[in-house]
Each structure stands twice: as C-alpha cells, then as structure tokens.
C-alpha cells in the first residue's frame, strides 16, 4: 500500500450503505404488508438485513477508527460537523410534526367541534406517566453526561456504571411509552389529534430506541478498552441523546400539557 502523506481518511468501498438502503426498503414495505395483509415475511427479512448491516458496519468503523488509526483529529472534526448537520436535519424533521400539531390545535375547525382536544377525545393526564417519562429522560441526560466526564477523566469503572444506567433508563422510558400507547383511550385513527400525537411521540420513541442501541455499542466498546480520555468520538456522538431529551421536553409541554 502506498504511503499516505495526509491526515484524511480515504474510505474503502463498502457494501453497507447499499445493504442498509435495501433493509430500509424491506422494512417499510414489510410494515405495509404486515398492516394490510398480516404477512410478516418482508418485515422479518428487513429486520435481519438491517441487524446484519449494522453489526458489520460498526465492525468496519471500529476497525478503521480504533485499530488502524484512520480517525485523526481532522477526520474527527469532519465527523463532528457531520453529527451537527445530522441533528440539525432531525430538528427540522420534528418541526414538521409540531407545525402540524399547532396548525390543527390553534385554529380547530368545525369538524373537530371548534375546540381542542377535539370533541370525543379524552386526552392523557400529563401529570401521570408522561411526567414520570420526563423525569426518566432527564435523569438519563444526567447519567450520560456523567459517563462522558468519567471517560474524559479516565475513570473506567464509573463510565461503565453510568453508561449502563443510561441504557436502562432508556429502556424503562420505552417500556412506559409502550404501556401508555396500549392503555391510551384514543388511537392513531382518531382524527388529527390521534395522528399528530402518535406520529410525533412514536418517532421520538423510535429515536430513543436507536439512541439506546448506539449507547449499548458504546458500552461494549468501553468494556473492551476502545475509548481513551482523548479519543472517544463514538461516545461524543451522544449529543444525539441530549437532542432526544430536548425534543421530549417540547413534546411534553406542547402535546401532553398544553394540548390537553
């Protein structure tokens, strides 16, 4: 291999973006097939493809960044910019849902009874499960910051403990949200209230699941001594977790508290 006289990472050709795209197509098509025809074949195939893609893509990135040293300071700087742009795109993604909610709730039409929540909808009590969920997510924000500071100070044991606690809080939040959905007195088919509620909180819940998965990989890497006090970009991408926290606060204030 020729000597590389610059600090930038020339990425090798990779099949994982393509297999990831195929998995995404299978998942979305599979969901439609499952909803309308009760068949889970495509959905299962999509899930298997997605899991295999994620495992092998993570393996490649860990090898390049940790063992081959390709993630030099300029490369890490580029990755940070990429993460900031990704989170910015996610902000606009959620702005769309808030826009739909406020557009419907600030000027409810006569079909909704000219009131909000619409006639016939019994909203959830914001001071029960939603308030507990808020406390759980805020606590997870504290523990993930604790984990970050532990890694920066080289305190391996505390980093593992706090990261484990963060993941458990994320899973607890997901379980509470699933229970809330199961017991909700309205469904996604109940007009604009049901659709905006379930789409906004559902996509947020999906982000919590993805974040928990990424933090689990960070935990495994921390256990295997991959992170140092100076080189731990994989964990710094936990900015995503703080973003999920902030989105939930807006959801809680807008949809659960004000919207009820």
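Just so you know, glycine gets a Cβ as well, placed from its N, Cα and C.
As annotated by Swiss-Prot, topological domain 'Mitochondrial matrix' applies to 1-15 (among others). With DSSP states grouped into helix (H, G, I), strand (E, B) and coil, the topological domain 'Mitochondrial matrix' (1-15) comes out at 0 helix, 0 strand, 15 coil.
Here Swiss-Prot flags 35-40 (among others) as topological domain 'Mitochondrial intermembrane', drawing on similarity to another entry. In terms of DSSP helix, strand and coil, the topological domain 'Mitochondrial intermembrane' (35-40) has 3 helix, 0 strand, 3 coil.
Here the topological domain 'Mitochondrial matrix' (67-72) has long-range neighbours at 7-9, 79, 231, 233, meaning same-chain residues at least 6 beyond its ends whose C-beta is under 8 angstroms from one of its own. Here Swiss-Prot flags 67-72 (among others) as topological domain 'Mitochondrial matrix', drawing on similarity to another entry.
Within the chain carrying the topological domain 'Mitochondrial intermembrane' (106-128), a Cβ under 8 angstroms from the stretch's Cβ atoms is held by residues 180, 184-186, 190-194, 252, 256-257, 259-260, all 6 or more beyond its ends. The annotation topological domain 'Mitochondrial intermembrane' is assigned in Swiss-Prot to 106-128 (among others).
Feature annotation from Swiss-Prot assigns topological domain 'Mitochondrial intermembrane' to 184-190 (among others); the stated evidence is similarity to another entry. Nonlocal intrachain contacts for the topological domain 'Mitochondrial intermembrane' (184-190), taken as residues 6+ away from its ends with a CB within less than 8 angstroms of a stretch CB, comprise 120-122, 124, 197-199.
Positions annotated as topological domain 'Mitochondrial matrix' by Swiss-Prot, on the basis of similarity to another entry: 224-232 (among others). If you average pLDDT over the topological domain 'Mitochondrial matrix' (224-232) in this model, you get 87.
If you look up Swiss-Prot, you'll see 256-260 (among others) marked as topological domain 'Mitochondrial intermembrane', on the strength of similarity to another entry.
Summarising the annotation, Swiss-Prot assigns transmembrane segment to 16-34 (among others).
Below 8 angstroms of C-beta separation, residues 9, 11, 14, 16, 19-20, 22-31, 33-34, 217, 221, 226, 233-234 of the same chain, each at least six residues beyond the ends of the transmembrane segment (41-66), sit close to that stretch. Marked as transmembrane segment by Swiss-Prot: 41-66 (among others).
Within the chain, the transmembrane segment (73-105) has long-range Cβ neighbours (under 8 A, six or more residues past its boundaries) at 7-9, 112, 116, 192-193, 196, 199-200, 203-204, 207, 233, 236-237, 239-240, 243, 247, 250, 254-255, 259. Here Swiss-Prot flags 73-105 (among others) as transmembrane segment.
Listed by sequence, the residues of this chain that lie at least six past the ends of the transmembrane segment (129-152) yet keep a Cβ under 8 A from its Cβ atoms are 158-159, 162-163, 165-166, 169-170, 172-173, 176-177, 179-180, 208, 215, 222, 227, 229, 232, 235-236, 238, 241-242, 244-245, 248-249, 252, 256-257. Per Swiss-Prot, transmembrane segment is recorded for 129-152 (among others).
Counting only same-chain residues 6+ beyond the ends of the transmembrane segment (156-183), those with a CB under 8 A from a CB of the stretch are 124, 129-130, 132-133, 136-137, 139-140, 143-144, 146-147, 150, 198, 201, 205, 208-209, 211-212, 215-216, 218-219, 222-223, 225, 227, 241. Annotated transmembrane segment per Swiss-Prot: 156-183 (among others), in sequence order, evidence recorded as similarity to another entry.
Sequence annotations record features per position, and here Swiss-Prot assigns transmembrane segment to 191-223 (among others) based on similarity to another entry.
The feature transmembrane segment is assigned by Swiss-Prot to 233-255 (among others), with similarity to another entry given as support. Tertiary proximity for the transmembrane segment (233-255) is limited to same-chain residues at least six positions away from its ends with a CB under 8 Å from its CB atoms, namely 61-62, 65, 71, 76, 79-80, 83-84, 87, 90-91, 94, 98, 101-102, 126, 130-131, 133-134, 137-138, 140-141, 144, 147-148, 151, 166, 196-197, 200-201, 204, 207-208, 211, 214-215, 217-218, 221-222, 226-227.
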